[in-house]
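The following features are taken from Swiss-Prot:
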{"type": "BINDING", "residues": "GLY171, ASP172, ARG173, GLN174, THR175, GLY176, LYS177, THR178", "note": "ATP binding site"}
{"type": "SITE", "residues": "SER382", "note": "site 'Required for activity'"}
Amino acid sequence: MSTAVRPDEVSSILRKQLAGFESEADVYDVGTVLQVGDGIARIYGLSKVAAGELLEFPHNVMGMALNLEEDNVGAVLFGESNAVKEGDTVKRTNILASIPVGEAMLGRVINPLGEPIDGKGPINTDIRLPLERRAPGVIFRKSVHEPLQTGLKAIDAMIPIGRGQRELIIGDRQTGKTAVALDTIINQKGKGVQCIYVAIGLKGSTVAQVVNTLEKYGAMEYTTVVSATASDPAPLQFIAPFAGATIGEFFRDTGRHALVVYDDLSKQAVAYRQLSLLLRRPPGREAYPGDVFYLHSRLLERAAKITDDIEVAKKMNDLPEPLKPLVKGGGSLTALPVIETQAGDVSAYIPTNVISITDGQIFLESNLFNAGQRPAINVGISVSRVGGAAQIKAMKKVAGTLRLDLAQFRELEAFSKFGSDLDKSTKAQLDRGARLVEILKQGQYIPMPVEKQVAIIFIGTQGLLDSVDLKQVRRFEEEFLAMLEQKHPEILSSIAEKGTLESDIASKLKELGEKYVASFKEKSKA
């Protein structure tokens, strides 16, 4: 006998079924590829897409929306554009381009999307921050006042860099720009500064060499390398510096110190020019787009020294949600952008732009490099606009006369080429200048602690080296500093701890210098 279903049962079954029904359907905003080529895709649809939003193409290729036009969207592809074809479906991801950050990034080599490329497995970090972010406002900053020692005598004495500063390294190819940046990274060992090295458009072999150098000197443990090599697509070279800045900002906003090296921004500008022309943006001077200045200014303005007041720091503009509970005051992000000039032309478009954005520049010259002066810094036209406030008192004291002596030496040297009969005082000045130039020479990857720099520059500016043979100056420096370290460590530790050159220490140093010069000359004769 069949049992009849009662109407009230039917209604209760229907109610149960309806209660479990999800009324919301997943709505995907999708578009269609109209045209693709040269790493650029034109997409129809995606009417609600945001500028800088990540897009998902077939075959796991990611892209980013850059041009939002009336009837289509211009996007750049972060992978092989051969995998994408006309008519393909493109999905919005609803997330702006971002990168993982945190301590787990240290010691790793990544691409600009935050994916590891060093074969050491995945990176375990939960925090992701957007690539593009507004720089901190004036209220949240503090003036630069702590030194960032590079370990290079010529820079720390005459072109000092402070934490939170932007100092440009500029010069022709093969003048030692990368070497200056790497020396600075190696010198941060044990100083609590996290470093980020961004390689833009360099050869893959060069990046591998940089990583090997950093590993050899134990610097990789506090360094992240962001690599967009010459073989990577232009969009990756364009976003690489922003990825480096974002990793550095995590340390800056959590009350720590970070140093980011962009090597080099001229290649980023070329990649951006390529993208802009392919997106049919109007070209300007040297065919660069009109906003190439803004490209570099918005990047370099993110380097800052943050206020010590934690309550003010917590209200920082554009602070991403994951960072809010971690914010501390007093952090800094220092930027060392690198620009390559063509035949020493610093008045070209990109060099003048970046010179005007940064707080000073270090000029490296090929003729000085070829003459054996390394680092090949032209002290006359190199400048640090804010670093003076960050220099330790001891260095300020000895370096003031150094800059003046060198300037006079350069002037006299130019005149002395014309005349052979020089008076005694001119000859003495030329001799001292030549020895000071010799002191400032330094080997690669052997940064010097600031207290040793102060000691040897003091000996040079006091004229104690005037009687030492020019060819023996480097040997004298090595032996004198080794003697100080072994027999008189209290002198070096006093300079290091107090940051000043006390009068009693100065007179003791001078006395030791005079004695050592005499014994050194005796030894040399023998």
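Placed from the backbone N, Cα and C atoms, the Cβ positions cover glycine too.
Here the features listed in Swiss-Prot are painted onto the structure.
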| residue | record | Cβ within 10 Å |
| --- | --- | --- |
| GLY171 | ATP binding site | 27 |
| ASP172 | ATP binding site | 18 |
| ARG173 | ATP binding site | 10 |
| GLN174 | ATP binding site | 13 |
| THR175 | ATP binding site | 26 |
| GLY176 | ATP binding site | 20 |
| LYS177 | ATP binding site | 25 |
| THR178 | ATP binding site | 21 |
| SER382 | site 'Required for activity' | 21 |
Near the ATP site, what residues other than GLY171, ASP172, ARG173, GLN174, THR175, GLY176, LYS177, THR178 in the same chain have a C-beta no further than 8 Å from the centroid of the listed C-beta atoms?
GLU340, LEU364, SER366, PHE369, ALA376
Based on DSSP, name the secondary structure state of GLY171 (ATP binding site): helix, strand or coil.
strand
Taking DSSP three-state, what's THR178 (ATP binding site) in: helix, strand or coil?
helix
At the level of the C-alpha atoms, what whole-angstrom distance separates LYS177 (ATP binding site) and SER382 (site 'Required for activity')?
14
Rounded to the nearest angstrom, how far is the Cα of SER382 (site 'Required for activity') from the Cα of GLY171 (ATP binding site)?
11
